[in-house]
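Participant: Have a look at the structure that comes next, please.
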Amino acid sequence: MESLPVFPNKFKAALAAKQVQIGCWSALSNPISTEVLGLAGFDWLVLDGEHAPNDISTFIPQLMALKGSASAPVVRVPTNEPVIIKRLLDIGFYNFLIPFVETKEEAEQAVASTRYPPEGIRGVSVSHRANMFGTVADYFAQSNKNITILVQIESQQGVDNVDAIAATEGVDCIFVGPSDLAAALGHLGNASHPDVQKAIQHIFNRASAHGKPSGILAPVEADARRYLEWGATFVAVGSDLGVFRSATQKLADTFKK
């Protein structure tokens, strides 16, 4: 069983090596369901702080529930804001998914928010959960180089600036938000539209051109396999909420219809 902090960051190393990482989205915001999810064998799990009802008080027990799991926890922050990111760092997250990044400057801000000076602007606390309350002697030396930053492109401006974003130092992966991207391109609710699919493939290709892996959420198996064929290495193939809803509906239908 691993304890905090986890150095070196194996998830960051796997992404850098372009090793396919299959994951699952978590939106149920409950430590029991998260613990069960952590036993399933996924490479990583996103604990969603943007669209799921999560905050510091719900994230901490979920991180505790994943202690000993082989699945790397990734937090999607609600917004690209340094204070929010600092607080999530202090409770023990090392892998960050930053939503709605549209420019190189926004990508740089995300990176800076996770690094201690002089590399960044992260505020300093000498005793918090991530450094085992001050008992890890080399935490400051190790932390900066063990943070993973995944930036989410989900707008036309983000697509237009994908090269600059992907080239940003400290950005580890380019992640596509297919639903918001579809809406931004005029196809709300239809991420399968050819225009959206073309944009997704373009993002993957440009990320690869800059030596960065790409990722996406794809709960439909055919979509996930297509994105893997296109070169995505960081793919969420479902969500705990979706699996729970589908399984319970199927169970009810088996006996009620």
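Glycine is no exception: its Cβ is also placed from the backbone N, Cα and C atoms.
Here's the feature list from Swiss-Prot:
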ACT_SITE  His51  active site, proton acceptor
SITE      Arg76  site 'Transition state stabilizer'
SITE      Asp90  site 'Increases basicity of active site His'
BINDING   Gln152, Ser179, Asp180  substrate binding site
BINDING   Glu154, Asp180  Mg(2+) binding site
Participant: Specify the count of other C-beta atoms within 10 Å of the C-beta of Asp180 (substrate binding site).
Facilitator: 18
Participant: Taking the Cβ of Ser179 (substrate binding site) as reference, which residues of that chain separated by at least 6 in sequence fall under 8 Å from it?
Facilitator: Glu154, Gly189, Ala191
Participant: Should Asp180 (substrate binding site) be counted as helix, strand, or coil on the basis of DSSP?
Facilitator: helix
Participant: Compute the centroid of the Cβ atoms of Gln152, Ser179, Asp180, then list the same-chain residues not in that set whose Cβ lies within 8 Å of it, in sequence order, for the substrate site.
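Facilitator: Apart from the listed residues, the neighbours are Pro99, Phe100, Glu154, Val176, Gly177, Pro178, Leu181, Ala183.
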Participant: If you measure every Cα to Cα pair among Gln152, Ser179, Asp180, the residues listed for substrate, what is the largest value in Å?
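Facilitator: Maximum Cα-Cα distance: 12 Å.
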Participant: Including all protein chains displayed, how many Cβ atoms other than that of Asp90 (site 'Increases basicity of active site His') lie within 10 Å of its Cβ?
Facilitator: 17
Participant: Can you tell me how far the Cα of Asp90 (site 'Increases basicity of active site His') sits from the Cα of Gln152 (substrate binding site), in Å?
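Facilitator: The Cα atom of Asp90 (site 'Increases basicity of active site His') is 22 Å away from the Cα atom of Gln152 (substrate binding site).
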Participant: Which residues, sitting 6 or more apart from Arg76 (site 'Transition state stabilizer') on the same chain, put a CB under 8 Å from its CB?
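Facilitator: Result: Val46, Leu47, Asp48, Gly49, Glu50, Leu97, Ile98, Pro99, Gln152.
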Participant: Near the Cβ of Gln152 (substrate binding site), how many other Cβ atoms are there if near means within 10 Å?
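Facilitator: Around the Cβ of Gln152 (substrate binding site), 26 other Cβ atoms lie within 10 Å.
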Participant: Reported as an integer number of Å, what is the Cα distance between His51 (active site, proton acceptor) and Asp180 (substrate binding site)?
Facilitator: 12
Participant: Please compare the recorded positions His51, Glu154 by how many other CB atoms fall within 10 Å of each one's CB, and tell me which has the fewest.
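Facilitator: Minimum Cβ neighbour count within 10 Å, taken over the recorded positions His51, Glu154, occurs at His51.
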Participant: Which three-state DSSP class does Glu154 (Mg(2+) binding site) fall into?
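Facilitator: DSSP call for Glu154 (Mg(2+) binding site): coil, neither helix nor strand.
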